[in-house]
Amino acid sequence: MVTVLIAILFPFVCAALIPLLYRRLRRVSHLGWFVLAVPFILFLLLARYIPQIAEGKTFIHTYEWIPSFNINFTTYLDGLSMIFGLLITGVGSLVILYSIFYLSTKESLHHFYCYLLLFMGAMLGVVFSDNLMVLYTFWELTSVSSFLLIAFWHHRKASRAGARKAMTITVFGGLSMLAGFLMLFVASGSFSIREIIANVEVIRDHTLFTPALILILIGAFTKSAQFPFHIWLPDAMEAPTPVSAYLHSATMVKAGIYLVARFSPVFGGEAIWFWLVSVIGLATLFWGSFNAVRQTDLKALLAFSTISQLGLIMSLFGLGSVGHYYGYAENTILYTQASFAALFHLVNHSTFKGALFMMVGIVDHEVGTRDIRRLGGLMALMPVTFTIAVIGGFSMAGLPPFNGFLSKEMFFAAMLAIRNVEAFSITEVGLLFPIIAWVASIFTFVYSLILISRTFFGKLQPDKIDKKPHEAPIGMLISPIILSILVVGIFFFPNVLGHYILEPAMASIYPTFPSTSELTPHIHAWHGINAELLMTLGVIIIGAILFKTLKSWKPLYRIFSQKYTFNTYYNRLIEMSENGSAKLTNRYMTGNLTHYFIYIYVFFVALIAGYFIWSDAIVFDFAKDSTFESYELILVFVMVFAAIWMIFAKGRVTAMLLNGVLGYSIAFFFVIFRAPDLALTQLVVESVTTALFLLCFKYLPDLMPESAHKRIQWSNATISILVGATVTLIGLAVVHFDRFEPVSTYFNDAYELAGGSNIVNTILGDFRAFDTMLEVVVLLIAGLGVYTLTKLKPRKEKTDHEN
Amino acid sequence: MKINDVILRTVTKAVVFIILTLGVYLFFAGHHAPGGGFIGGLVLASGIVLLYLAYDIETVHKGMPFDFKKMAALGVLLATGTAIGSLFFDVPFLTQAHTYIDVPIFGEMGFSTVTIFEAGVALTVVGVVVTIILSISEDE
């Protein structure tokens, strides 16, 4: 299954190529045309596997990464990752096609597409990884790349703030998820999700099971903008619209949902999982739809609507976990349907919300504003855009003949079914589920109407808009039209989607259930006159009344004081941490080099000497020591002499020369002890540092005699002596330490294993090459740090960036 | 102020070639004898730094028109590239391969992918050391 590896790596490779090629490509055509090929090829590659996946096959391949730590690059293609893979590449293709017409060539397109491809690769990595550590790496990479995408117009302050907010919240969640993963590893002994699922019976009783559950859920909730972490999503709307359409409707925010779906075989059936996922989901659903109504910016409205829809999907997965509790039985189908509805709505949401975001982008692009107070009457001027808006909006509202209707009916059915569950102490509370769902759906209906009518009906207000509105160029319309066709197409042929895409994914969510076809209900557009349909009728009637009387009840929102929103708390938290850290930093960053050395050395002594004493590692057995020669003694005296003289040296040059004497003497020691590699390195490093010193020598002031207080002098002397004593202690103790097997025997095989007879080098290049590789990276970062600090000082004219 | 540095320049002319040759030798010798990418890179860098000390920056740049920042980046790319490359051969990350090939004139010689890795290390060391020293010396 090399295909999946290619699918993950291909975007990264292309992202790396863009900076090298974009100058040449830019002359040929819009950069987007070349980038478009990436997701399109990947989509076709993945689509080839649909029939095999539908037959119940899964593909797995392990590339060994760090096998000694149980971390392997394992790619896993099953029904669930297939859905997400198709969404990422499919919607990705459409978004890139759309962006070609949306973004002018004057923008820094090479940055944009580079970030977008990074993001795409990271998302594919998240959904195809079976190893938790690999999944986590890609997960954080999506946070980083989305940060770059949201801040694409980084000259705007709001963009930067939005990007930072998204990053802060999602990375916080990611870190807590990492802790959860590590706990799972401790409980199960494996980083592989499949193995964890297979051993779920064993780990369920582990003490870390519940903490892991909660921590992983926090990760999923932050990423999927669940209540109360939803506040980053509206701010992330500062990104260019193609990004919003991609990240905030189809992909990134669904990573959390993917995580919940993926882990429901592990945690599903736990009461705490059921309550957290379904209640948080419902709260998000309600709060999102309730707040969407009062938005005046079209993108903000869609942002809250996305939050609410994500809550809907999340709550359905919560209800679906009841199926895990009961295990496979006749009546379980009633509850597993909730998971099916969640998957179904996931796909539907991607289609209609993608189309709606693109529609809003078109309006913004052609009219110049997204404010519904300034819009209106665009129906006749932009008929195609209007049609897209109606299809997308009515699907979102849950009306036939659009796909949103089907999944929303199933959503109602699942909510009604949950009342009868005799577990998790659902009693009267169960009645609240369908009620909240129903009320939230009414608000969904209302804001869908607002979205359509305020933009397209009513009177055109030419004096309030910046541009003369006209229909968008055809290229910009293609992507939303394709999505709209899908919206309608799925309504008429839902079972094609159900059989080929959703059914295999159900098998991934319920791996222990025998037959997949029984899990998959046959989707009917007309399911008789039942409670769900009546609920829908109620939504339409009450929603229409509320929409008509919007003016009279909208002031209700003013009751919610802006003082106590989660945003305010977030801002206060950020402000507090900024002030706190500034205070702390000012306290210890005194600019005095002596102070910094004091911190470093005190820490060093406390940690190293403390550990040696604490662990009884100080063992002296002088019998094992070899004898020393007289010339070694002389060398020691030279070093001691140089060191003591250095303390009392009057000039910098003297001190530097004495330091050189010390360094070269150490090199001599290496020569004596037959460590030519170390001797060479020591000599060259000593020479280079001396050259460095010579370069900055003339800028330094003369060495002044310290006029410090006696007490400070004494404390400094104490610290120095302690450091010296610690180092001596280490030197002596290491020789006599025999707690562990010496590793030197392992390196005897260096020639056979690595083909090199220089042990030092085989260690650096083979046995511990990971250290060397990361050291090189650190070196580069340090070098770039020095370069940027000294070279790239802020220029005066750039200060007006803070608009 | 014009500094009289005839001696430094004359010595540099003779010494730099020795240093650079030593650096290259150390780099290749690394696998079996003292040396290797890190130390080879350091020696090369010290040779280049010596050039910069003896002559002014423009003159040296004419002879060595490299962007040392890019050189460092290329080095990291090479080092991580060999690490990732091993995945394509279905072996663990960072696995190195080595073999012996009979080369005309030289006889049997060992070849190892470690050399590429070490080349990355050496390039990074040279690039970073020269970048740091140049940035500090040019700083006003």
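Cβ coordinates come from backbone N, Cα and C, glycine included.
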With TrEMBL as the source, identify the stretch among A:79-100, A:409-430 annotated transmembrane segment. A:79-100
Chain residues in Cβ proximity to the transmembrane segment (A:525-547) (below 8 Å; excluding those fewer than six residues from its ends, i.e. six or more beyond): 397-401, 405-406, 408-409, 412-413, 416, 434, 438, 441-443, 445-446, 449-450, 453, 491-492, 494, 553
Recorded stretch, among A:6-22, A:208-233, A:474-493, A:679-697, A:717-737, maximising Cβ pairs under 8 Å relative to the transmembrane segment (A:596-614): A:717-737
Any residues 6+ beyond the ends of the transmembrane segment (A:208-233) with a Cβ under 8 Å from its own? 139, 162, 165-166, 168-170, 172-174, 176-181, 183-184, 186-187, 248, 252-257, 259-260, 263, 267, 270, 272-273, 276-277, 280-281, 283-284, 287-288, 303, 306-307, 310-311, 314, 565-567, 570
Contact set of the transmembrane segment (A:273-293) with the rest of its chain, CB cutoff 8 A exclusive, min separation 6+ beyond the ends, reads 213-214, 217, 221, 225-227, 230, 260, 264, 267, 301-302, 304-319, 321-322, 325, 418, 424, 433, 436-437, 439-441, 443-444, 446-447, 450, 550, 554, 557
